[in-house]
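**Q** I have a structure here, written as structure tokens, and I will follow up with some questions on it.
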């Protein structure tokens, strides 16, 4: 059987002579038309350090594909720097870019009849966007992560991007000198790679390795270290073998493999964004997976890894301690993941992990043994109540007591909330409500790292609650609840909260409640009027018009 199963539709036969002429113009030879055409979706960009080191990996992918007998076809995918856009109008485009990237991959693979695709990505939305595009196209595919960043150093301490956000709060509170503030700003990010903790990019890369769509050890390598280039060439070779075997993403991404990925997210203390993105990934794969499935996995999987933002270590430390294979083998030995899931290697999870010890090495404390976890249960809790009947997501690690009842401080945009924090108008015991920031209302469900970082910097991270229908950065920790659904713009109860109302956040009982009578809530609901759309044309207007609820992934192609 030919391995150019799809591309032969545009390269073979008399009628395709004009097509071949165009290929000849790019240096193709006649023999090349029998080889598979394999796309390389290249996310290289000088917009952000997360993506500024990707070109060498795209080049390595091309070399590996061609050495294995394929034709490599490079095309570009865009990126948004979440870190730079944070706290500005630009953050509204971040989640939008996930859909744009997915559309790019699906469109190029479909339009060019590619036989396979290798996606190279770095910044946060590159990850789910690329995976969604691969699943929609459903040709043999592999994800190559651009690698994590190494830590910065100052006064003997490791630094990362979140160090700078938290320094803003410390400096404005008068708890940090200008010299220290400037040095942290200059030293936090020493080179290329994605933000170094178990933030969104590293969470998603780790999950993709567990899912079976990336090679073992691929998710925690540093961008600036040499092994990542050789690893990319190996990924390209493996992809060509998958093309020969016709092993497709939807053969790999199943309900059981998604459960494996979510188990690893819980075990590593990963980002709240993983909930939103895996709902979207499951939708792209045609797999039934709901927000309640995250809670089901959370209750049985412990947090094993001591990783930032709520722990001590960075992704590169996890890599040196055994990486995701060690985390997975520890979970597999405890019966907490499925060993029979097929992976892009053509082998099962159990086969890939056969040479990995059942327990972590004793000479490290990044990965805990199953008998001595960081926490007995996972950290991403799904809260429900009259404020979030469809669900909301709380990250509960690092908190002495993940519950609070206090007066609401209500803000209809992020900027006014941040200004109130900076002006020291927020007190311990308050519950901040940031609303009209959901998929429809934001639009684009922006992340709230600036306010949460400022709260932590002012020493209020555990004593002030913050709820929002927007999202949080993977670098966020504290008494925070995001993805509140239904969102304010859709008439959710969060739109009805008034200044001073009592609100309860309780991660013990998984409750998020507005402590107001049902009669009063009904009265307010009857008086509520939907706000006018903030945008009436362009990409943000399209997103606001078509995005589903956060509780179903905020996707644009859920038409039922």
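For all residues, glycine too, the Cβ spot is worked out from N, Cα and C.
What you are looking at is a predicted structure, and each value in this text was computed from that prediction instead of being measured.
According to Swiss-Prot:
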{"type": "BINDING", "residues": "50, 123, 195", "note": "[2Fe-2S] cluster binding site"}
{"type": "BINDING", "residues": "82, 124, 125, 447", "note": "Mg(2+) binding site"}
{"type": "MOD_RES", "residues": "125", "note": "N6-carboxylysine"}
{"type": "ACT_SITE", "residues": "473", "note": "active site, proton acceptor"}
**Q** Only counting partners 6 or more residues apart, tell me which same-chain residues put their Cβ under 8 Å from the Cβ of the residue listed as 'active site, proton acceptor'.
**A** 82, 86, 162, 199, 200, 271, 273, 447, 448, 449, 452
**Q** Using Cα coordinates, what distance in whole Å links residue 50 ([2Fe-2S] cluster binding site) and residue 125 (Mg(2+) binding site)?
**A** 11
**Q** Please list residues from the chain of residue 124 (Mg(2+) binding site) whose Cβ is under 8 angstroms from its Cβ, counting only those at least six apart in sequence.
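**A** Those within reach of residue 124 (Mg(2+) binding site), by Cβ under 8 Å and sequence separation of 6 or more, are 50, 82, 94, 194, 199, 200, 201, 204, 273, 474.
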**Q** Counting only residues 6+ away in sequence within the same chain, which have a CB under 8 Å from the CB of residue 125 (Mg(2+) binding site)?
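**A** Within the chain, residue 125 (Mg(2+) binding site) has Cβ neighbours under 8 Å at 79, 80, 82, 94, 95, 97, 98, 101.
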**Q** DSSP on residue 447 (Mg(2+) binding site), three-state: which is it?
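**A** Going by the DSSP assignment, residue 447 (Mg(2+) binding site) falls within a strand, counted as strand.
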**Q** Give the sequence-ordered set of same-chain residues, not counting 50, 123, 195, with Cβ within 8 Å of the centre of the Cβ atoms defining the [2Fe-2S] cluster site.
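**A** Near the [2Fe-2S] cluster site, beyond 50, 123, 195, sit 48, 49, 51, 81, 82, 83, 122, 124, 149, 193, 194, 201.
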